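Participant: Dumping what TrEMBL says about this protein:
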| type | residues | note |
| --- | --- | --- |
| TRANSMEM | 9-32 | transmembrane segment |
| TRANSMEM | 52-69 | transmembrane segment |
| TRANSMEM | 76-94 | transmembrane segment |
| TRANSMEM | 106-125 | transmembrane segment |
Amino acid sequence: MSLNRFEQFALGASGITALGIGAAIVAMPRVFYATYGIELGDNVNLLSELRAPGAGLAVFGALMLTGIVRPAMRQTAIVAAMTVFLAYPAGRLAGIAFDGVPSPNILGALGFELVVAVICVLAFGHRFRARPLGSHATQ
């Protein structure tokens, strides 16, 4: 499967974002979350619970970036990008529905995630459209 320039851009933007945010959460969760006005303190259990998904996000970001240069990884990279950047805004919107409106910094993160999600849907949405039964064509 080949990627056009917009698809490469979408994987690059989503991969750099996920890798960067995930790595920051793993390496310095207190500093990262302080930018949102969240004080983590010294609770090692909380720090561990935040670092674990941060590592997962970083790995997904690396996978997205790998898809740009390794054709065998492209479909997996696209699915990872779509999953991450549709799930994060969905989770934040659920939080708003259940808990109320968060700080402006969190809303800014939601806005950014929605932009990346729209880029991914525009770039890759055509790859997920239903095909007639018996159609084995791949894109």
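Any Cβ shown, glycine's included, is placed from N, Cα and C.
Structural setting of the listed features?
Facilitator: Listed by sequence, the residues of this chain that lie at least six past the ends of the transmembrane segment (9-32) yet keep a Cβ under 8 A from its Cβ atoms are 3, 40, 47, 50-51, 53-65, 67-68, 77-78, 81, 84-85, 112, 116, 119-120, 122-124.
Counting same-chain residues at least six beyond the ends of the transmembrane segment (106-125), those with a Cβ under 8 angstroms from any Cβ of the stretch are 6-7, 9-11, 13-14, 17, 36, 78, 81-82, 85-86, 88-89, 92-93.
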